[in-house]
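So that you can see what the record holds, here are the features copied from TrEMBL:
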BINDING   168, 169, 170, 238  NADP(+) binding site
DOMAIN    6-121  domain 'Tetrahydrofolate dehydrogenase/cyclohydrolase catalytic'
DOMAIN    142-291  domain 'Tetrahydrofolate dehydrogenase/cyclohydrolase NAD(P)-binding'
Ligand code: GUN
């Protein structure tokens, strides 16, 4: 039996329709239009492409969207001043600085300068601290982990009591999703193991997983015999393994050997079309949440 495909593309469509309704509600009830600024420094092609998709999605939801493109040679001080301006702009609820930044700018300093109340990426230490505390303390979940949890829950995979193995310990994906899956509440309550490049017996850990989340950035790392039959497999890897001359687009591959894995897994996300489409969707969700939070007295 082959695995059920968990489609991020389909879930994105469902969630964007839900978010569109929420924008209508907040506008009609409170006269509030969610505002998002995307700050892009320079013209890295991948960043240009990501940012244009974020802008297109924000516009499709009826957001107030500011596209703030800055030259490659902007100084760190100028960028910090720009962020300060948006921190104090009441029409803006979310500030997104696209990464990576040029080498002469300290990205950590820039991300920490964004007001935690407008940090819709969920990268600020205040928001990561709130995530660690959990429950009502949570402000903004980082977008990729939030998308992963949404895919798991809406695919009907039971998380309570499940063995979850997370491969990879990045601040953006591995560490936050491991915490989120272990928290009390919906989509959590799992027993979590976090494995990484320093772990012995990677395969043995993965084989125990009812839910295997792989965010290692190594194409084809997870072999079919690392997967427990019937497990739910979430592949976060987006590896460029070639270039398609006909479509002029990169050829993408995940961290899981997809064709082999789908013969063993119960449910699996494809690459592309799995986790990827969820990240921008959750950014939009965070921006609307921020707009609601800003309405509070
Ligand atoms: N660059 C690649 N992914 C992301 C993301 O999720 N947020 C930001 N700000 N930059 C990125």
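Yeah, the Cβs are placed from backbone N, Cα and C, and that goes for glycine too.
Sequence-distant neighbours of residue 170 (NADP(+) binding site) (same chain, 6+ apart, CB under 8 A from its CB) are 215. Largest Cα-Cα distance over the residues recorded as binding NADP(+), namely 168, 169, 170, 238, equals 16 Å.
Cβ neighbours within 10 Å of residue 169 (NADP(+) binding site), excluding its own Cβ and spanning all shown chains: 17. In sequence order, 252, 254, 271, 272, 276 make up the list of same-chain residues 6 or more apart from residue 238 (NADP(+) binding site) whose Cβ falls under 8 Å from its Cβ. Per-residue pLDDT, averaged over the domain 'Tetrahydrofolate dehydrogenase/cyclohydrolase catalytic' (6-121), rounds to 98. Across the domain 'Tetrahydrofolate dehydrogenase/cyclohydrolase catalytic' (6-121), DSSP classifies residues as 61 helix, 18 strand, 37 coil.
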